[in-house]
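Read through the structure below, which is laid out as structure tokens, and then see the notes.
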Ligand code: M1P
């Protein structure tokens, strides 16, 4: 039985979840009017939600200040921060899980490693501490859009992030951490299992018959991979927000 709050929809037992960067918006940029309009129409038919790796403040910037009202479910940090119909759900924290002592060791290793690599540019905020994960960026999260694009190209050639992740795995083989290169300039570090599938526990009690997931980083190693492959979802791999709109129009006849 689906939740009474969703009965006004044409198909209240269908949920469509979206990754944010590269799926609903260009990387780190804002949602277009076309995508907004498409989601509005879609929400009349089915339940909709987003699941992003970033924290809520970034999603407010990217998806708009009314984001918690525009989606039935809002999942930040892979669902570690969760809202259902604008109401916050119980959440966990990375620091409680790992403990101060281990985290200190991890942070010291990361900061030392960051200072030892050759890079053409460095900006600010290299280690971002979030509720459900940490985010590590060799160039720094303060990089401009142009600097991001430059870094992304540089990383493709020099494999800075991939090598960094290998070094972390070697140094901390038993910590039970997953490293995910999901965006352009950084990678996320979180307890194994706290990938985007984490958010699915928040929708379980609503008894959906179909859960669709749209993402652009669906290949192995990408941060959409686990939820895209999960048995509980029907995965759709997209190449851009325009591609998302195209597929939604096709499947849901908008
Ligand atoms: O949503 C994908 C990723 O987006 C950002 O990555 P980057 O800044 O490297 O482009 C980050 O917020 C990251 O946590 C997130 O997984």
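Glycine is treated like the rest: Cβ placed from N, Cα and C.
In the three-state DSSP classification, residue 19 (active site, nucleophile) falls within coil. Taking all protein chains in view, 27 other C-beta atoms sit within 10 angstroms of the C-beta of residue 19 (active site, nucleophile). According to TrEMBL, the feature active site, nucleophile maps to 19.
Non-local neighbourhood of residue 21 (active site, proton donor/acceptor): 27, 28, 52, 53, 54, 62, 182, 183, 216, each in the same chain, at least six residues away, with C-beta under 8 Å from its C-beta. According to TrEMBL, the active site, proton donor/acceptor annotation covers 21.
Residue 228 (Mg(2+) 1 binding site) falls within a helix when secondary structure is assigned with DSSP. Under a cutoff of 8 A between CB atoms, and with a sequence separation of 6+ in the same chain, the neighbours of residue 228 (Mg(2+) 1 binding site) are 213, 215, 218, 235, 237. According to TrEMBL, the feature Mg(2+) 1 binding site maps to 19, 21, 216, 228, 233.
Taking Cβ-Cβ distances under 8 Å and a sequence separation of 6 or more, the neighbours of residue 186 (alpha-D-mannose 1-phosphate binding site) in its chain are 128, 135, 136, 137, 138, 141, 161. Taken from TrEMBL, the feature alpha-D-mannose 1-phosphate binding site applies to 28, 130, 141, 148, 186, 188.
Residues or ranges marked as Mg(2+) 2 binding site in TrEMBL: 230. Close to residue 230 (Mg(2+) 2 binding site) in the fold, though at least 6 residues off in sequence, lie 197, 200, 213, each with a CB less than 8 Å from its CB.
All protein chains shown were included, and the count of other CB atoms within 10 Å of the CB of residue 188 (alpha-D-mannose 1-phosphate binding site) stands at 24. Here the C-alpha separation of residue 233 (Mg(2+) 1 binding site) and residue 19 (active site, nucleophile) works out to 13 Å. In this view, residue 141 (alpha-D-mannose 1-phosphate binding site) is surrounded by 18 other Cβ atoms within 10 Å of its Cβ, with every protein chain counted. With residue 19 (active site, nucleophile) as the anchor, the candidate binding-site residues are 130, 148, 188, and the one with the nearest CA is 188.
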